[in-house]
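Peer 1: First the structure, then my questions, so here it is.
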Amino acid sequence: MNVAFEVKDRDVAGRLGRLEVNGRRLKTPALLPVVNPNKPTLDPREISKLGFDGVITNAYIIRKHEHLREQALEEGVHGLLGFDGFVMTDSGSFQLAEYGDVEVSNEEIVRFQAKIGSDVGTILDVPTPPDAPRSRVERDLETTLKRAREAVELDEHPPLALTVQGSTYEDLRRLCAEKLAELPAAVYPVGGVVPLLEEYRFVDVVRVVLAAKSSLPPHRPVHLFGCGHPLAIPLAVAMGCDLFDSASYAIYARSDRYMSILGTLKLEELETFPCSCPACTRHDPDDVREMEPRERTRVLATHNLYELRRVIETTRQAIVSGELWELAESVCRAHPRAWAGMVELARRGGELERWCPAVKRSVFVCDEVSKGRPELRLYRRRLRDRFGELSGRKVVKGISRPYAEIVEWLEPWELAFADEWLGVVPGELSWSYPCHCLVEPSGDDEGEDRRRGEEGRRR
């Protein structure tokens, strides 16, 4: 299996990386637009021109339709789509979840994906809906694991995506991830989350993703199946997801819905397009409303992809800038349930400590959610472990940062500072990270801050 995943930068649990499979490269985080080979809303060549280096298509649909199957077997899936970039294929698991059955076995669909040259192919896992009885989830999970083992032992298979299932049971998600981590895979998707995303159950999404992520190997990307909305992507990247796929750009367009990082807007309610992408600058909402349905769908789908690309690019830059947590916070505030997911991530920030860089640039803090940032949790824990109770020191309260100005008046090892965000900080660490670069909301009266600082000096 010719697969390599290189991590170039990181923030929170998010990673800026590069996945290389069979000579094709994909920069991560990445979104793979879903291409329906039977009736593509946008031609894959157009998708490539919009800046996407990879797509995902359905091998089950290709195999089921004779004309698609024959062309794919003759020209490969890249030739069928007319797309020379990274192509991942799904196995029919979505159809299995929707209709309860598919007309293909796991071995047949895995071998077929190899024959058509998929860069990454998916096993026929069994998605279990949220809140299903535990006995059913355990049964479906065992089937998924059996099929994963079967796939990796075949003499003919593509680089594989082994999907983590387990419904809304965190322990079963962890168990599935542990078992799959023992098998060679190119990608480890987290499946069965589409119903949660559709119902805006962001708290449950955070729980199942963290449960899966905790047991997956760090040298392979994690794909959050079915996550393709701007509102969800920064939060998912902060949890450690690297790949996403979206049919929503086309589904929303067909029902006259317009994607925004702040949510989904209805075309009929738009006075102007709050976007400067080519699709939006060439038209106004009145023009688009008067178009024939097919052309209107194309324009909206094009905008939706531009919006998704913008979110992906913004998220990549946030990783490099060390601002991924701030981005996730700001985006999630657009919807109460997305914000509930952010609160849950902050509550469980300790689970992200092992992935988050211990040192970065400035740290912005705003409220109780900010206290859950993994780098601040790590700092507080290290203070407790290395300095204990700091007995015998004068603990100064109510002093504005930077504390180093106070330290100049007394020996630093005589002092400690009670800090709302960091705990009790030894004086000698006043100029260390993150104490010296923590940015918090300022008081209404800056003069009062200065007065308290002067009082601290006198004390």
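Just so it is clear, glycine is given a Cβ too, placed from its N, Cα and C backbone atoms.
Annotation source Swiss-Prot lists active site, nucleophile at Asp90, citing sequence analysis. The substrate binding site feature in Swiss-Prot is assigned to Asp125, Gly192. Feature annotation from Swiss-Prot assigns Zn(2+) binding site to Cys275, Cys277, Cys280; the stated evidence is sequence analysis.
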Peer 1: Determine the Cβ neighbour count for Cys277 (Zn(2+) binding site): the number of other Cβ atoms within 10 Å of its Cβ.
Peer 2: 17
Peer 1: Given the recorded positions Asp90, Asp125, Gly192, state which is nearest to Cys277 (Zn(2+) binding site) when distance is taken between Cα atoms.
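Peer 2: Closest by Cα distance to Cys277 (Zn(2+) binding site) among the recorded positions Asp90, Asp125, Gly192: Asp90.
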Peer 1: Using the centroid of the Cβ atoms of Cys275, Cys277, Cys280 as reference, list every other same-chain residue with Cβ within 8 Å of it (recorded Zn(2+) site), in sequence order.
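Peer 2: Counting only non-site residues, the set is Phe273, Pro274, Ser276, Pro278, Ala279, Thr281, His303, Tyr306, Glu307.
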Peer 1: Would you mind pulling the DSSP three-state label for Cys280 (Zn(2+) binding site)?
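Peer 2: Note: Cys280 (Zn(2+) binding site) is helical by DSSP.
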Peer 1: Cβ-Cβ under 8 Å from Cys280 (Zn(2+) binding site), same chain, 6 or more residues apart: which ones?
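Peer 2: The answer is Phe273, His303, Tyr306.
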Peer 1: Asp90 (active site, nucleophile) to Asp125 (substrate binding site): how many Å between their Cα atoms?
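Peer 2: Taking the Cα atoms only, Asp90 (active site, nucleophile) lies 10 Å from Asp125 (substrate binding site).
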Peer 1: Write out the long-range same-chain contacts of Cys275 (Zn(2+) binding site), meaning residues 6 or more apart in sequence whose Cβ is under 8 Å from its Cβ.
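Peer 2: Residues satisfying the criterion: Ser260, His303, Tyr306, Glu307.
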Peer 1: How many neighbouring Cβ atoms, not counting its own, are there within 10 Å of the Cβ of Asp125 (substrate binding site)?
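Peer 2: For Asp125 (substrate binding site), the 10 Å Cβ neighbour count is 31.
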Peer 1: How many other Cβ atoms sit within 10 Å of the Cβ of Gly192 (substrate binding site)?
Peer 2: 29
Peer 1: Once the DSSP letters are reduced so that anything not helix or strand counts as coil, what is Asp125 (substrate binding site)?
Peer 2: coil
